[in-house]
Amino acid sequence: MPKAKTHSGASKRFRRTGTGKIVRQKTNRRHLLEHKPTTRTRRLEGRTTVSANDTKRVNSLLNG
C-alpha cells in the first residue's frame, strides 16, 4: 500500500506541538481590521489549541 499523503491545506493551517497537541491561528484577523476594536484584535493574537472534538479529524489529515 502506498504512503498516505498529508492534506496540504491542513498542513498549512495546523501545527503539532512537541507534546502532541494541535494548534491553529485564530480567525478574523486577516483583513478589514480598521473597524474592529483594538481589544478584539489583541484577543485574537497568537495561536490556540484545536478542540478535542476536532483533534481526531485533524490528526487523520496530518497522517498522525
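Here the Cβ of each residue, glycine as well, is placed from N, Cα and C on the backbone.
DSSP places the residues of the region 'Disordered' (1-22) in helix, strand and coil in these numbers: 6 helix, 4 strand, 12 coil. Positions annotated as region 'Disordered' by Swiss-Prot: 1-22 (among others).
Annotation comment: Swiss-Prot describes 34-46 as compositional bias 'Basic and acidic residues'. Long-range Cβ contacts of the compositional bias 'Basic and acidic residues' (34-46) within its own chain (Cβ-Cβ under 8 Å, at least 6 residues beyond either end) map to 26-28.
Under DSSP, residues within the region 'Disordered' (34-64) fall into helix, strand and coil as 16 helix, 3 strand, 12 coil. What Swiss-Prot records for 34-64 (among others) is region 'Disordered'.
Taken from Swiss-Prot, the feature compositional bias 'Polar residues' covers 50-64.
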